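Peer 1: Provided herewith is a single structure, encoded as structure tokens, for subsequent inquiry.
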Amino acid sequence: MVIKPRVRGFICVTTHPVGCEANVKQQIDYVTQQGAIDAGPKNVLVLGASTGYGLAARITAAFGCGANTLGVFFERGSVDGKLGTAGWYNTAAFHKFAEEKGLYAKSINGDAFSDAVKAETIETIKRDLGKIDLVVYSLAAPRRTHPKTGEVLSSTLKPLGKSVTLRGVDTDKEIVKETTLQPATQEEIDGTVAVMGGEDWQMWIDALHEAGVLAEGAKTTAFTYLGEKLTHDIYWNGSIGEAKKDLDQKVIGMRQQLAGLGGDARVSVLKAVVTQASSAIPIMPLYLSLLFKVMKEQGSHEGCIEQVYGLYKDSLYNSEPVIDQEGRLRADYKELQPAVQDRVKQLWDQVTSENLYEMTDFVGYKQEFLRLFGFEIEGVDYEADVDPDVKISNLIQL
């Protein structure tokens, strides 16, 4: 079949297997060109390993550190000629390239929040790797079935305490408009913390620790975003921010837990990038379009792979990490420079539907968005016939 992008709202309902493979290859090439990371991890578990920052963390571990990687995610392959998800095709490509390099790569497809996936992961580590020395937590999900109660919890993107009116861009109609969001109820806040907070990360570390599969010196990190004033109402000071603050609280206990192994636990702050998760946040497409314009002009623009490679090299595996007062590892400092934020704010107030393309890098935003699904990748023939049925070698399906 010939596959073209079909976008509905903040999701692209088609995916391109060959484009996804080319996208993964570009990220691998970037890491390879940067060179090996000294004293990097050897056996790595990535939770949420199929797209965005999680995929970048897996690529950096394998191709920057020569690590064996075990990935966990919830994706869908092709059934009856229908297209699989981008994360499925990304992982098929990652496995292929890792195996060509002689690197161990295995993945578990299932609900990472469940006890069954945790148990299967532990058995796989014991059987194949013995122990792991890095756990990357990069799950972004709209819902979580609590493994102990069976309750289905949902995350919401809402402000706290009062309604908030935000500028944004309707990416379908390509118009700048204002959206008013009502404040989250306590139930919605609690649900968001349960889905996107630190409880499941803690459960993973507890389970791995109790099973004796964490190596001496094992580290764990979860990814977060802080942002600046423009995004605070909906993000850091909103329901999702409560979940991110929960990560900051839970990591303290995990740090003490891993200290017994000579290890460490840190939250890592990364810059705003286009992901399937961020494109769903009302303010983010406009903010990112402006951020891209300003950071490209200043020569400091980075995507997922540049951010994560830098995080490994400068902080996770560096004796002098970039760390803030709260103990978080920081890779977002280029985004937060006053010269960047002041310029973004200045342009923010001037953007209209009429000058959207002129004032922002909306073209770059749309391109990055489509790249998530395997489109807009240089060197890919999008007129060619493509088989949607791509198998993932060494996949454990739960």
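Just so it is clear, glycine is given a Cβ too, placed from its N, Cα and C backbone atoms.
Quick paste of what Swiss-Prot says about this protein:
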BINDING   48-53, 74-75, 111-112, 139-140, LYS244, 273-275  NAD(+) binding site
SITE      GLU75  site 'Plays an important role in discriminating NADH against NADPH'
BINDING   TYR225  substrate binding site
ACT_SITE  TYR235  active site, proton donor
Peer 1: Among the recorded positions listed here, PHE74, TYR225, TYR235, whose Cβ has the fewest other Cβ atoms inside 10 Å?
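Peer 2: Result for the recorded positions PHE74, TYR225, TYR235: minimum number of other Cβ atoms within 10 Å at PHE74.
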Peer 1: Once near-sequence residues are set aside, which residues in the chain of ASP111 (NAD(+) binding site), 6 or more away, have Cβ atoms under 8 Å from its Cβ?
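Peer 2: Listed in sequence order: PHE74, VAL117, THR145, LEU398.
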Peer 1: Using a 10 Å cut-off, grab the number of neighbouring Cβ atoms around the Cβ of GLU75 (site 'Plays an important role in discriminating NADH against NADPH'), all chains included.
Peer 2: 21
Peer 1: Could you measure between TYR235 (active site, proton donor) and GLY48 (NAD(+) binding site) for me? Cα positions, answer in whole angstrom.
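Peer 2: Answer for this pair: 21 Å between alpha carbons.
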Peer 1: If you skip the near sequence neighbours and keep only those at least six away, which residues in the chain come within under 8 angstroms of GLY52 (NAD(+) binding site), Cβ to Cβ?
Peer 2: SER138, ALA140, VAL273, THR275, GLN276, ALA277, CYS304, LEU372
Peer 1: Which residues in the same chain, at least 6 apart in sequence, have a Cβ under 8 Å from the Cβ of SER50 (NAD(+) binding site)?
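Peer 2: The list for SER50 (NAD(+) binding site) reads GLY71, PHE73, GLU75, THR85, ALA86, GLY87, TRP88, ASN90, THR91, SER107, given in order along the sequence.
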